[in-house]
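Step one of this worksheet: look at the structure below.
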Amino acid sequence: MSRFFSIRFFPGWMLLFLLLVFLFPFWGSQKISLTEALDNPEGLDRLILVHIRLPRVIFAWAVGAGLALVGAVYQVVLRNALASPYTLGVSSGGALGAVLAIKLGLAVSFGFLSTVALFSILGSLLAIGLIFYLTRFWKQASVYNIILLGVAFSFFFSALNMLLHYLADFTETFKMIRWVMGALDVAGWAYPLTALGLTLAGALYFLWHYRHFNVLLTGEELAKSKGVDVDRLQKHSLIFGAVLAGFYVALAGPIGFVGLVIPHMIRMMFGANHKYLFWGALMLGGLFLTLSDTIARMLISPAEIPVGIVTAFLGGPFFVYLLIRQSH
C-alpha cells in the first residue's frame, strides 16, 4: 500500500485531491446541469452554481486548506504532535468576540464583514497580542511559555464566554451556539475570495521557508549551526499562523480537527519533508472540509447541520487513534 504513497506519485495524488473538489458544486438537494448552467445565463442552474454552490465550495476549500497548513506548521514549530491552529487561544478569543457582538445586539456591517466577524477577528488578535506582549517579560521566551500562555488565555476567554451565555436570552443563546459550531453557508464571493487570498498568502510564505522547517526537525541547536534563525522562524510562524486562524474563525466559526488530523494523514502518506507536507496539507485539508460541508448540507436536506459537527465526527476517531499511537 505504501508504494502508492511514494513521492513519485505525489503530483498525481495532489491533482486527484483538487479535481475531486470540483464535483461538490453539483451535489445538493437541487440537481443542476453543467450544460444548462453554461447555455442559459439567466437560468436557475446558473444562478445556483455561480452564486451559491461555487462560492461555498471555494470557501470551504480555502478554510480547510488554510487550517491544515497552519496545523502542519504549528506541529513542527511547537514540536507537539497534537498542536493545532487554535493552540494559542485564537479560537476562544475569536469566539469571545463573536459572542460579545451577539450579546450586545450589534448589527453594523463594515464593508463585507458583519459585526460578529469583525469582533471575532479583534478577539483573535487580542489573544495573539496579549500572548506576545507578555513574552517580552521573559529573558528567553520559549515555545513552551507561549503554549502555556495560550492555554491560560483559552481558559480565561472560555470562562467569559460561558458568562455571556448565562446572561443571554434564548434567541441570543441560539445564535451563539450556532456560530460556535461553525458554518460555511455563504452567498456571494466576498468571504470565499478573502479566505482564498489568506490561504494563498500563507502557502507562499510557509512553502518559501520549507527548507528551514526541514532543518528544524533535526533540533534547534543543529538548525542554528546551519544558519537558521530559529527564534525568528518560530515567532513569525506562530504569529502569522495565529492571524490566519483568527481570520478563519471570524469568517467560518471555530471548525475543529482539520488542522490536527490532516497534517498527520499527509505525514503518514508521504513522510515529513515539508515541501510535500505543506502541499499535501493544503490539498487534502481543502478536500476534507469541502467533503464535510457537503455532508452537512445533504444529510438532512433541505435543512443542514453545522459543519463543525461533521468534522468532529470524522476527525474524533482519528484523534483517538493519534493518542493511542503516541502512547506507544
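Backbone N, Cα and C define each Cβ position, glycine as well.
Listed in TrEMBL for this protein:
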- 55-74: transmembrane segment (TRANSMEM)
- 86-106: transmembrane segment (TRANSMEM)
- 112-134: transmembrane segment (TRANSMEM)
- 146-168: transmembrane segment (TRANSMEM)
- 188-208: transmembrane segment (TRANSMEM)
- 238-264: transmembrane segment (TRANSMEM)
- 276-296: transmembrane segment (TRANSMEM)
- 303-324: transmembrane segment (TRANSMEM)
Same chain, outside the transmembrane segment (188-208) by at least 6, Cβ under 8 Å from its Cβ: which residues? 51, 55-56, 58-59, 61-63, 65-66, 69-70, 73, 112, 237, 240-241, 244, 247-248, 251-252, 274-275, 278-279, 282
Cβ pairs under 8 Å only, please: of the recorded stretches 55-74, 86-106, 112-134, 238-264, 303-324, which one is richest in them relative to the transmembrane segment (146-168)? 86-106
Are there residues at least six beyond either end of the transmembrane segment (238-264) with Cβ under 8 Å to its Cβ atoms? List them, or say none. 59, 63-64, 66-68, 70-75, 77-78, 81-86, 88, 90-91, 93-95, 97-98, 113, 117-118, 120-121, 123-125, 127-128, 132, 143, 146, 179-184, 191, 194-195, 198-199, 202, 205, 277, 281, 284-285, 288-289, 306-308, 311-312, 314-316, 318-319, 322
